[in-house]
Each structure stands twice: as structure tokens, then as C-alpha cells.
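Peer 1: Before I ask anything, let me first share the structure, which is written out below as C-alpha cells.
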Amino acid sequence: MNDDVTLSAAAPPEDIHDVQLYDDALEISKDGQQNSKVYFSDFKNMSQKNVSYMSGSNMSTRTSFVHADKTTPSVSLKPAAHENQTITKTAPPTYRISGREHWTINELGRYNVSLFSPPPGETPKRRFPKAIIIGAGKCGTRALLEFLQMHPYVVAANSEVHFFDQDENFQKGFTYYKSKMPLSYSNQVTIEKTPSYIWSERAIHEIYKLNKNMKLILIIKDPVIRVISQAIRSSPDNPESTFIQEHEGTLRVSNESRTVDWGIYVKYIKLWLQVFPKSQLHILESRDFVTNPTLEIQRLEYYLGIPRMITEKNFYFNKSKGFYCMRPFHLKTIVCLSSGKGMPHPKINPILENLLYKYYRPHNEALFQLLGKRYDWKPKTR
């Protein structure tokens, strides 16, 4: 897949690096989707009458466009939503900025250049990802993504794309897929996160077709804790019915339950390793990540081939919440995930819990053998 195709009309103005942006207002919805109002009130060395802001609410990718040319009227470029649309290069030079783009783009000119510098004269554009967080759901993928994109060289899509695992999105084609990616520079790593890719056979083969060198990231946790968490979300009034059934007067784990099946990690990892080499699948364990995020992010820096920049100073342990919050490079404030993240693991009847551990034990052993390492997945002392 050719990653050089761009939705940008032309190169940026020569003085683009002199532009200073100041946000007068920014609203971000809680679920991570863009619901923003961004106003740019001051542009260094630019005439106010020649600068316009246009809301991106009716744009196919919901981006905001800021015209950065001093002489020509502002023109918006509407990115193609489908493969059969034609992209024409008839508009004047345009520099596109959205309130939900990565901080290295939104805060251009307002952070220390020692943190990050874009290639000289380069315009940020939408690119196919170089890495994908493929799962697993309910294992901490959101926290992983948020912690990762503190790094100036990691740029992530704002929401789960579900391109490879959902027919309605996949049939829109790869132009649509690229339109869901964030703006980035060529020296940055674009990442997207869709936790259900791990369970999708189509995702395996189509991602390989897109880029056989794709770097895959998988975070997993004790499958018993994962299945309980998923069951409570799916059936809050009767979560046990999701994974336990009665058979001839005896309680047993439901083999037919998709929620249960998704916790058999070894089954799905083996499918990915039939296509991708082991060196392209980085696996981390949720408890390790929660207790020592610095170490796990530093391991990912090495895996992704980006400069080692994240340290203990980028994290703050919030005692009241019981988990780590972020100290981003570009902010002077501490940023925590929403109150729904990092909650204590739900508890169930010990008898049912033991049934689940007994069910997963052989599958976990097969996983440990495959990975060459063990995780402390067993019932905790009560």
C-alpha cells in the first residue's frame, strides 16, 4: 500500500513554523469522540483578515481547517470518504489543524524543540499506521494508548477505528481507513487501537496485505478477571449467565460463550503468528503495565524504534484513584483517565471464580509455553 498518497493540496507556506496557535476554547467529549470547538485568535506574523477558521462538523473526517496563506482566499479540502472519490490538487496551499490532533501539531511553536522537530518544510498528513494495538478488550488498551501518545514521536487515532473487523467500515476501502488516521510527520509513528482485532481472522490477513512489517501490540490480563469484567459490562443484572451454565444439575463454564472464548489468548495469538513473525508482536501483561507503566512504555519505545524519552517523571500515582496518571511533556497539569478506568476488579462467587480458573488453566499453560514466560494468573488469597 502506497503511503505517499496524501490528502493535502500542497506544501505549507514558507513561514509555517512561525505560526503561533492559541486555543480560546476547546471541548472534548468524554467518550473520546471529537465534539470540539477550537478558535485560533492570534497568528504570529500573519494578517488577521486573511486567516479564517471553519468548523469541521460537516467534514467527513471532522477536522478543522486553518488557512495559512497570506494572499489567497481560504479553501477547505474535504477528504475522500470512499476509494472511488477523486482527490484533485486545485486548492491553494493549506495547513490543516484540528483541536484533536496530536500535541506536536496542535502546539506547534509552543514546546521546546528539543522534544520534537518536524522534518524541515514538511507538511503533516494522514498516513497508514505503522503500529496497531490489536487487543485485547477489557485489558487496558485505552490507558496504554493514552500513555504512549505522551511521546512526541507517537501519534494515535482518536477513537477505535474497527476497520478490519466490521464489514460496514471495511467495505469503504483504504482511503476511508487513512482518513480516520491523525495528522503526522514522517518521523512519527502513527498508531491505531481496535481491541477486537485480536479475534478477527480478516484483520490478520488484511493488515498483512496493508503492511507486512506492521508492528503489532497486544496487552492481556488474567482471563478470569477479563471475562468477569466483560460479563458485567454485557449483562450487568446477571453477569454469571454470560459465562456459567447448568448442565444436568451441575454448574460449568459455558463453552459456547464468546466472552469465555475470547479469554483463550493462545488460540488467537497462534493465528496471528501463522502470518506475522514473533518479532512483530509485542505482548505486555496488564498487571505489569498498571504497576510499572514507565518500564512497559520504555520497552515499547525500543520495540517501536523511537527515542527513549518517557521516564518516571511522566507519571504520578494518584492514591485516591489507585492508579497512575500522566504528566505530559506539553502540559503543566496532571492528566488522569476517566473515573470509569482503573476501577477495582469486580468480584464474584468464589465457587464460580474457581470454575473459571480451572477452565482456563490448560489454555494458560499453553500460552506460557508459547511465550516462554509465566504470569501469576491464579485465585488470590481471600
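Glycine is no exception: its Cβ is also placed from the backbone N, Cα and C atoms.
Small disclaimer: the values here were computed from a predicted structure and weren't measured.
Annotated domain 'Sulfotransferase' per TrEMBL: 129-340, in sequence order. The annotation 3'-phosphoadenylyl sulfate binding site is assigned in TrEMBL to K138, C139, G140, T141, R142, S229, Y324, K341, G342, M343, P344, H345. The active site, for sulfotransferase activity annotation in TrEMBL covers K138. Annotation source TrEMBL lists disulfide bond at C325-C336.
Structural setting of the listed features?
Peer 2: The Cβ neighbour count for R142 (3'-phosphoadenylyl sulfate binding site), using a 10 Å radius and every protein chain shown, is 18.
Of all Cβ atoms in the shown protein chains, 21 besides its own fall within 10 Å of the Cβ of K138 (3'-phosphoadenylyl sulfate binding site).
For C325 (disulfide bond), the same-chain residues lying six or more positions away in sequence with a CB closer than 8 A to its CB are F315, Y316, F317, N318, I334, V335, C336, L337.
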Peer 1: Would you mind checking how many other C-beta atoms are within 10 angstroms of the C-beta on Y324 (3'-phosphoadenylyl sulfate binding site)?
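Peer 2: That number is 22.
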Peer 1: Restricting to the same chain and to sequence separations of six or more, state which residues have a Cβ under 8 Å from that of G140 (3'-phosphoadenylyl sulfate binding site).
Peer 2: I219, K221, S286, F289, V290
